[in-house]
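Chemist: Below is one structure. I have some questions about it.
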Amino acid sequence: MDGRQVVRARRWCATAAVALMTASTVAACGSDSGEIVISYYTPANEAATFTAVAQRCNAELGGRFRIEQRSLPREADAQRLQLARRLTGNDRSLDVMALDVVWTAEFAEAGWALPLSEDPAGLAEADATTNTLPGPLETAKWNGELYAAPITTNTQLLWYRADLMDEPPATWDEMLSEAARLHAQGGPSWIAVQGKQYEGLVVWFNTLLESAGGQVLSDDGQRVTLTDTPEHRAATVKALEIIKAVATAPGADPSITQTDENTARLALEQGRAALEVNWPYVLPSLLENAIKGGVGFLPLNENPALRGSINDVGTFAPTDEQFDLALNASKEVFGFARYPGVRPDEPARVTLGGLNLAVASTTRHKAEAFEAVRCLRNEENQRLTSIEGGLPAVRTSLYDDPQFQAKYPQYEIIRDQLINAAVRPATPVYQAMSTRMSATLAPISQIDPERTADELAEQVQQAIDGKGLIP
């Protein structure tokens, strides 16, 4: 998302927070009047956004039922655990769930999420598949059937110091060459990545693997495909070679084995990295910190026209004119581009993130829950979620909307990458598999591509078979 989005989101969410507190206050008594209340569980991080969208739907529903946002923890693992406990405990108050895109298979296989084909109105499948980007839609499927409908999505981009290079690198080989050139000149030479033992490392590996022509599992999620054919093995080894090369390159970040999204963002802002792969929030973060004087190569704090753009709580809250001024100034030293590819002249297949809406199998109000999902992700609410809330849209048509385009300077890249996206392996045991993969990949500086390829295949197979202890 761009800086103007974040600004609008902050202004808007301050108002929406009042609505959120109101919703929490009435939660205990909502059903006492006999009205139907559809619970809507979402991550706490975006509670204000999803509360405001729910209230818009309530205004449209005319009192037939009410959607009530309820917050899950901020961390994905804790969200999953809370939902799993509620579902295994047959919590009948659980209706609509915002699921991380990697949970679809697990929740479907466990019988926790209803297939969209069970919508009594018969509208859920058509709504999910119409005007929805193919990448996000793929994450909502298990065994060829839809169990959820996408509501938000995300994709990583390449961020780079435009004042240090003529053009952004198009491949990882070019990334390494550019970093080597900068190191030889004594300039910033880090490639900022997500290299510590966690899910972000699995995302990086999966993007490289799919971009090299490989994949972790077969499409049905039953067979490990990391080393099963010479072509697949070559793709796995190539992905591992890139990770190892980035970690051990001359002038590389000495703490690269402990890096995540936040350290990557700061490495570029603080002038130590010249190249970074990360999510779209990088741009608004850079502009805000530059206004505060924290970005040495972009001293926006020295521009008198930008005075007053930091509000009383210390966040970037510019006028539209101030935002345009800051954005245009940043273009002289900072840029964004497509995520670097593995093969020359072939675009990367970037692993996507986001949330899907699923109806819980424990719901007592199936028809209303499916109707709530349709309303929460309709085009107007997608516009609000994206432009005001700062969460990338899944509705294809919004990317052709001039208002949307004005708020997302990266919209073309985001759209193109979402159309040709990589998804993380679809399997009910994804959590165990991901944990094993990150443990095998770490520390990335010690990867032996051929040996690590075999170890990865073995660990993924053990996860599929449900054998052994998770590292």
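Cβ atoms are placed via backbone N, Cα and C, with glycine included.
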Chemist: Besides ASN45, GLU46, ASP100, ASN154, TYR198, TRP279, TYR281, GLY354, ARG424, which of GLN79, GLN222, GLN403, GLN446 does Swiss-Prot list for that alpha,alpha-trehalose site?
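Modeler: Looking at GLN79, GLN222, GLN403, GLN446, the one Swiss-Prot places in the alpha,alpha-trehalose site next to ASN45, GLU46, ASP100, ASN154, TYR198, TRP279, TYR281, GLY354, ARG424 is GLN79.
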Chemist: Choose one of CYS13, CYS375: the cysteine that Swiss-Prot connects to CYS57 by a disulfide bond.
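Modeler: Answer per Swiss-Prot: CYS375.
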Chemist: Which whole-number value in Å describes the distance between the Cα atoms of CYS375 (disulfide bond) and GLY354 (alpha,alpha-trehalose binding site)?
Modeler: 18
Chemist: Please report the number of other Cβ atoms within 10 Å of the Cβ of GLY354 (alpha,alpha-trehalose binding site).
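Modeler: The Cβ of GLY354 (alpha,alpha-trehalose binding site) has 25 Cβ neighbours within 10 Å.
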Chemist: Looking at the recorded positions CYS57, GLN79, CYS375, which sits with the largest number of other Cβ atoms within 10 Å of its Cβ?
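Modeler: Top count of Cβ atoms within 10 Å goes to GLN79.
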Chemist: What is the Cβ neighbour count of ASN45 (alpha,alpha-trehalose binding site) at a 10 Å cut-off, with all protein chains included?
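Modeler: Taking all protein chains shown, ASN45 (alpha,alpha-trehalose binding site) has 14 Cβ neighbours within 10 Å.
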Chemist: Record lists ASN45, GLU46, GLN79, ASP100, ASN154, TYR198, TRP279, TYR281, GLY354, ARG424 as binding alpha,alpha-trehalose; longest Cα-Cα distance in Å?
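Modeler: Maximum Cα-Cα distance: 23 Å.
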Chemist: Using all protein chains shown, find which of the binding-site residues ASN154, TRP279 scores highest when you count other CB atoms within 10 A of its CB.
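Modeler: Result for the most crowded candidate: ASN154.
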